[in-house]
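Listed in TrEMBL for this protein:
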- 21-44: transmembrane segment (TRANSMEM)
- 152-172: transmembrane segment (TRANSMEM)
- 179-198: transmembrane segment (TRANSMEM)
- 218-237: transmembrane segment (TRANSMEM)
- 337-361: transmembrane segment (TRANSMEM)
- 367-385: transmembrane segment (TRANSMEM)
- 392-411: transmembrane segment (TRANSMEM)
- 417-440: transmembrane segment (TRANSMEM)
- 452-476: transmembrane segment (TRANSMEM)
- 482-501: transmembrane segment (TRANSMEM)
Amino acid sequence: MPTLDDILEHIGEFDLFQKRAFFVLCLLSASFTPIYVGIVFLGFTPEHRCFHPGIAELSSRCGWSLEEELNYTVPEHREHGESLSHQCRRYDMDWNTTGLSCTNPLENLTGYSNRSSIPLTPCQDGWVYDFSGSSIVTEFNLVCEDSWKLDLFQSCVNAGFFIGSISIGYIADRFGRKLCLLLTILVNSISGVLMAFAPSYRWMLIYRFIQGLVSKGGWLTGYILSKTEYAVGIILWKFYETQFSLNTHCYNDIFYFHIPVPDCLYCRCLPESPRWLIAQQKNDKAMKIINRIAKGNGKKLPPSLQSLNPDEEDGEKLSPSFLDLVRTPQIRKHTLILMYTWFTSSVLYQGLIMHMGIAGGNIYLDFFYSALVEFPAALILILTIDRIGRRYPWAAATLVAGSACLITAFVPDSIYWLKITAACLGRMGITMCYEMVCLVNAELYPTFLRNLGVLVCSSMCDIGGIITPFIVYRLAEVWHELPLIVFAVVGLIDGGLVLLLPETKGKTLPETIDDAENMHRYCTIYPKRNVSQTLFTKSA
């Protein structure tokens, strides 16, 4: 009796039906992009100052311009920091007093000729923001003493990523890929709409956590279901990212960041994984889907392929264990380096995006330019991974990212073009690193340990995402460029560690622990199956 691989070889492993399903699954990136990188706009903190109703009335009565109002009523920058002087403190005086002078109201009211002698008090009536749009910062006043809540907001979604990628993975294995995918899309859409109308910061945080809980797990489920055309997938992700930056420029309001992409196509266009159905002893349902794929590809199954025989596996079936990741020396080395690389990729990628939001430039153009450089990053990967290999381009990309962060930190703001160029190079480098670790992680583990290895190592990506907001926003209060120094050190260390991994270009995937342990000794390049044509086959 034929196996599933025999049937798929006849009807086409990546033909018209699979390409159409793959395109639909790529829409997941459109939904995931604003959740993953949208913090640069959601968390944008504009220039702000204390609000006082008496100042607004006095300014209206005196006919002050904005510059005159700021000069007369806002505290000057003081030695203990800008954020504590003119953004988070106001003069301790009653601006509602009648008879105030329009030319020198402070001296008229307090009798002080020196402004630095006037006592200050925290903002009590809210803030005025020099920003025509809105962000969660302006909606919920996440500034000054409450600025740490912005860090918590982004950390919360990464905590959801961490928990969801494990729990959603179990649900997908237990109840099927398609059902899991549809449920996560539905929950993500509902939580996105609710988040747009959240009445308080606490509810916003809850909906954000739910988004993280289902969005990454759903995206990973779609990735498993459609693990195909690696190059196309990379380029589509970059397209959605640049499109997102243009959308945010047109719709300068946080509401639009939460409107979900229409998901009705998923239910009709996507079949369940035939291989998962076979594993669940549902061969009849698997054959119906296979016939549907054949019809979509314009093929017809001959009578000899109308019945299905589950794949027969030789040898004893092994159950993966967490100890297998650290029991033997080479796999232990691979695990530790890959965990650090996932951590580095997340910290630098998200960190550079967040730092862009507080850099003081045009965040829309800066984000657009930095997203554009990810296209050449994808092209470089496409041209090098099967010619030069994985390890050297990977190490070079990480070293470029770390060095670019260091250069950006010390380039003065007066040479803005050089500063933004170095920042873009940093993002291009860490993008290559991110994409490379996704590819190589699965190539370094034996078959029975592959899924667990990817799951455990990639979990450090979410841990990095949890702490990154605190690195960026808190260290920037000490020195604006200090987060970049931290990123540079982390990235340069990772660039050296990557060189300790074995090259995997052209080598067969390891089947056993012995194969994985001896990968660094293989000098012969073995033929390797093209992993770009596996839709609904090996990975699903």
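Placement of Cβ uses the backbone N, Cα and C atoms for every residue, glycine included.
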Contact between the transmembrane segment (392-411) and the transmembrane segment (452-476) is defined here as three or more C-beta pairs under 8 Å separated by at least 6 residues; is that satisfied?
no
For the transmembrane segment (152-172), find every same-chain residue at least 6 residues outside the stretch whose CB is under 8 Å from a CB in it, and list them.
35, 39, 42-43, 136, 142, 180-181, 183-184, 204-205, 208-218, 220-221, 224, 350, 354, 455, 458-459, 461-470
Would you confirm whether the transmembrane segment (367-385) and the transmembrane segment (482-501) meet the contact rule of 3 or more C-beta pairs below 8 angstroms, pairs 6 or more apart in sequence?
no
Who are the long-range neighbours of the transmembrane segment (337-361) in its own chain, taking Cβ under 8 Å and residues 6 or more past its ends?
36-37, 39-41, 43-45, 154, 367, 370, 398, 401-402, 405, 413, 416, 420, 423, 426-427, 430-431, 433-434, 437, 440-441, 444, 453, 456-465, 467-469, 471-473, 476, 480, 483-484, 487, 490-491, 493-494, 497-498, 500-501
Is the transmembrane segment (392-411) in contact with the transmembrane segment (482-501), using three or more Cβ pairs under 8 angstroms as the rule and ignoring pairs under 6 apart in sequence?
yes
